[in-house]
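**Student:** What follows is a single structure, and I will ask about it in a moment.
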Amino acid sequence: MKVIIASDHGGINIRKEIVSLMEELNIEYEDLGCECGSGSVDYPDYAFPVAQKVANGEADRGILICGTGIGMSISANKVKGIRCALVHDVFSAKMTREHNDTNVLAMGERVIGPGLAREIAKVWLTTEFTAGRHAVRIGKIAEYEDKHI
Ligand code: RB5
C-alpha cells in the first residue's frame, strides 16, 4: 500500500507523527509538505494534489491534516472517486474503513493531539473494508458521481 500525505501550516506536527508511524509500520509513503516554516499556506493547494493522486491510482490512500481537518476534507471530497472522512476518534476511524471504504483520512491538529492522531491513523491504515451491503452503498455514491459530477 502506498500512502500520500500532506498538511498545511496548521497540521505539521501531526503530519510528522504519522510519517514516523508509517516508517514504523513499513508503509510506503510520499510526503508532499508543507515545508512552510512559520508562514501560512492554503489547504486546497495540498488537498487537491493528494486527492488527485489517490483518484488516479498513483497512491492507494491519502492523509491530510490542517487546523480543523475541515478545509482539507471539504476539498478532498470535491475530487471524483474520493471518499474522505474527517475523523477525531478511534471508533470512527475503524467504522469509516469497514463501512465507507474511505480512501482519504483528514484530521485537525487544533482539535486532537499527536498521540490520538497516531492511534486513529494506525487503525485507519490497518482496517479492511467489510464490503457486502456496504459495497452496494459505495456503488450508489459512484453512480451519482458518474451521472452528476
Ligand atoms: C488555517 O488557519 C486553517 O483555516 C486551516 O488549517 C484549516 O483549519 C481549515 O479548515
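Glycine too: its Cβ is placed from the backbone N, Cα and C atoms.
Annotation source TrEMBL lists active site, proton acceptor at C66. Per TrEMBL, the feature active site, proton donor maps to H99. Residues or ranges marked as D-ribulose 5-phosphate binding site in TrEMBL: D8, H9, G67, T68, G69, I70, G71, N100, R110, R133, R137.
Looking at the shown structure, can you explain where the listed features end up?
**Tutor:** The number of other Cβ atoms within 10 Å of the Cβ belonging to C66 (active site, proton acceptor), over all protein chains shown, comes to 28.
Cβ environment of H99 (active site, proton donor): T130, H134, R137 lie under 8 Å away, each six or more residues apart in the same chain.
Taking the Cβ of G69 (D-ribulose 5-phosphate binding site) as reference, residues of its chain lying under 8 Å away and at least six apart in sequence are, in sequence order, G11, L86, V87, H88, A106, M107, G108, V111. DSSP classifies G69 (D-ribulose 5-phosphate binding site) as coil under the three-state reduction.
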**Student:** Under a threshold of 6 Å between Cβ and any atom of ligand 1, which of the recorded positions G67, G71, H99 are retained?
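**Tutor:** Close enough to ligand 1 are G67, G71.
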**Student:** Does anything in the same chain, at least 6 positions from G71 (D-ribulose 5-phosphate binding site), have a Cβ under 8 Å from its Cβ, and if so what?
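**Tutor:** Looking at Cβ-Cβ distances below 8 Å from G71 (D-ribulose 5-phosphate binding site), excluding near sequence neighbours, one finds D8, Y43, P44, A47.
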